[in-house]
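Enquirer: One structure is given below, represented as structure tokens, and several questions about it will come after.
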């Protein structure tokens, strides 16, 4: 679309080019307009001829053809007009250069003109594309009389929701705007009305952003982020402790509040732009709950101070308690507290959305009715602390803008507030990922995008900061109430923004007539709700340590500082994580070599021997991240295995540590493995590691402490996986079986391959090459008779040489070179094999599993017997791992065997094969082999 342009854009570009040349006037595009009208009429006639004047199935395509024809005509005319303009500029420039030779030659002027023409042409095409796209979209949008009527109906239907939203904003603004600044300080004593104005300004900005399409929630309500009020008080405390001049204090405070909005907006926007909205989900929930409880405690104390009209004391004291319970002060704070409790009792039973605003609308009527009936006037009520003073609420709505004075701002004091600002931002970031999904569930919105909402929050907060007001967010409670009363459209959102702006412009002067008990009750209600959410609702629902952490955060925030409370919560969360992680078992399971076997298919005598000596191999499977909190249990378990009592009964020769389920090892755990290796070395036990490639986190950590080295300095054996490690141990035991004076070495000799060279390839090639063959059947007969006796006799003791001799003619000797594929998974079965020498490797791939099983078949074993007996397709891929000599019986030979020797003879042979297949199948499908 970048190459498209409109007539207006073409004419504008031509006019600019003409003014930039010799000053001649560019001809108007009248001919271009006439040509376009003629083309439009031609297309319309074509449409009428096709009988589709009103529009039908092809009307959209023909409309696009019309637009394309117009664009092509415009491009042709624009190109011709550009060429004419270039010629005129060249001629004019040549005349000028002849009179002023110092300005350059004609060639240079022509080159520059052509470059300018390219730039202007590119800009014209880009602008034309934008305009054409907007024009195409606008063609599909038409506002009819019915649309206006429907919009009016929606606006009328939204009036109850707008009234409720305005009332909620008024109540929130009166309560939280009044305490935005610490009015107990003399410099901010009259800032209650200014705080209310800033509250409504932030509400209007956020409402416009959310209703304007920033949020997916059409009826979402924007409000000041009231939970940041405690941080504002901390910021003011930092500023007042560094500055003595009142004007400088006010100017710096205003800049600090606006800066908090900008920083919050940047954090929101950056998270949304980078699509990192899910990061906040990793923050411990109980710390946020503790912070909420701390805010609730702060609001409760603030409610006492606002209601009792008392200045903040240096700290808690018995004198302060006595002052609160003075008969002249006691009613001032107990009345709003009772009002808050009564409202919560009512709303616990009745849930109508109008109860809350109606309750507070009734309070002034009842209050003034009782007061006037008792003979009190307004001035007497103000003197008694029942009604707000006029001086604090008679400001204009725009007055807070006049307080910004960048010359009076103390930037060193502003820098001191940065840690608190960052804590404020951090706390504010936690609300959106919680409020937004909860609101989506409450209003039935399934297309919630947290990143989009974060960007909307970023825009609204940056805009609020640039307008000098405070942070804002999408208010969950107000939004739910707004939806319930019918505020489900963006029209209702805009109407709420307009009504809130009207309240802002009207000014906070009406506050001077409000009873203090209304503001106090509102503050107490929120305080009670937050404390209940943090302390009461979590009791018995969270872990004991987490509940203690919540209490600790609330106490530190109330008694010391909000930033310190968050810090304490983070520290306790780290401690909780370490403690809970330490309780996780680092050892997944402990097995012996008699249970955990490699997938090598061996002769029954070898299998029986390995089962007998398998107890001398101990396998420990590790899991999770191994660190200082979990490695101690692992080290203790290994020490128990090596204790004298256990060692005398169950000595071990190999300890295999499987790291395949371990995600990492820290330095403390790696050092512990070094201690374990020294302990094993003293006992003559070989430490075997597996499941830890050299470039993995575990491998790097173990190599960093020199546990894992290369060459002759190797202290441990390292293999790719547990199967290879077990195969290494089994081969060592088998070598000792066939060599009377042979003892399994504690380590491979210096000539052995380097440890690092073993990673990434199977150790089987080196180890099995030295492994003994299956026990040969002592006989003078030639193969395959000895092989038949060796393979079948353990499974059918009644088989004799005569029976096996009758089987010999039906086997054919086959020589298979290394790397040859005998069959693939899914191939049709044609035979089975007896292995005389060499080795085959079968790979089983399971469709419902993410890994495969590799089985080695050595001399003296059988391959392919199961699919041979069942006449089914192959279930594995078999490859010759070494040059092998096999004896093959084909299906045709098997059929011939039954016909010549009799099927009773063949059935006995088949039963023997079936016994072999069952034993091998049970071994292949055992849980221990799957866990390898």
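Quick reminder: no glycine exception, Cβ is built from N, Cα and C everywhere.
The compositional bias 'Basic and acidic residues' feature in TrEMBL is assigned to 33-43, 79-98. According to TrEMBL, the domain 'STAS' annotation covers 619-729. Annotation comment: TrEMBL describes 795-897 as domain 'Cyclic nucleotide-binding'. Residues or ranges marked as region 'Disordered' in TrEMBL: 1-43, 75-102. Annotated transmembrane segment per TrEMBL: 154-171, 191-210, 222-243, 249-274, 286-307, 327-346, 358-378, 462-483, 495-528, 548-579, in sequence order.
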Enquirer: Report, as numbers and ranges, which residues of the same chain sit near the transmembrane segment (358-378): CB under 8 Å and 6 or more residues beyond its ends.
Expert: 167, 171, 339, 343, 346, 384, 386-387, 513-515, 517-518, 521-522
Enquirer: Across the domain 'Cyclic nucleotide-binding' (795-897), what does the pLDDT come to on average, as a whole number?
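Expert: When the pLDDT values over the domain 'Cyclic nucleotide-binding' (795-897) are averaged, the result is 86.
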Enquirer: Are there residues at least 6 beyond the ends of the transmembrane segment (191-210) whose Cβ is under 8 Å from a Cβ of it, and what are they?
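Expert: Same-chain contacts beyond the ends: 169, 172-174, 176-181, 183, 217, 220-224, 257, 261, 388, 392-400, 403, 456, 459-461, 463-464, 467-474, 493-494, 496-497, 500-501, 503-504, 507-509, 511.
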Enquirer: If we skip the immediate neighbours and take only residues 6+ beyond the ends of the transmembrane segment (249-274), which ones have a Cβ under 8 Å from one of its Cβ atoms?
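Expert: For the transmembrane segment (249-274), the nonlocal Cβ contacts are 181, 187-188, 198, 202, 225, 228, 231-232, 235-236, 239-240, 243, 280, 400, 403-406, 408-410, 413-414, 417, 421-422, 424-425, 428-429, 432, 450-466, 468-472.
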Enquirer: Going along the chain, which residues at least six beyond the ends of the transmembrane segment (154-171) come within the CB cut-off of under 8 Å?
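Expert: Cβ under 8 Å, 6 or more out: 200, 203, 219, 221, 223, 353-354, 356-357, 360-361, 478, 481-483, 485-487, 489, 491-492, 495-496, 499-500, 503, 518, 522.
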Enquirer: Below 8 Å between Cβ atoms, which of the listed ranges 222-243, 495-528, 548-579 makes the most pairs with the transmembrane segment (286-307)?
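Expert: Between the candidates 222-243, 495-528, 548-579, the best contact partner of the transmembrane segment (286-307) is 548-579.
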Enquirer: Using a Cβ-Cβ cut-off of under 8 Å, list the residues of the same chain that are 6+ residues beyond the ends of the transmembrane segment (495-528) and lie near it.
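Expert: For the transmembrane segment (495-528), the far contacts come to 155, 158-159, 161-162, 165-166, 169-179, 192-193, 196-197, 200-201, 203-204, 207-208, 211, 221, 226, 296-297, 299-300, 302-303, 306-307, 309, 332-333, 335-337, 339-341, 343-344, 360, 363-364, 367-368, 378, 381, 385-390, 393-397, 482, 487.
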Enquirer: When DSSP states are grouped into helix, strand and coil, how many residues of the domain 'STAS' (619-729) land in each?
Expert: 53 helix, 28 strand, 30 coil
Enquirer: Report the DSSP secondary-structure composition of the domain 'Cyclic nucleotide-binding' (795-897) as helix, strand and coil residue counts.
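Expert: For that range the per-state counts are 24 helix, 42 strand, 37 coil.
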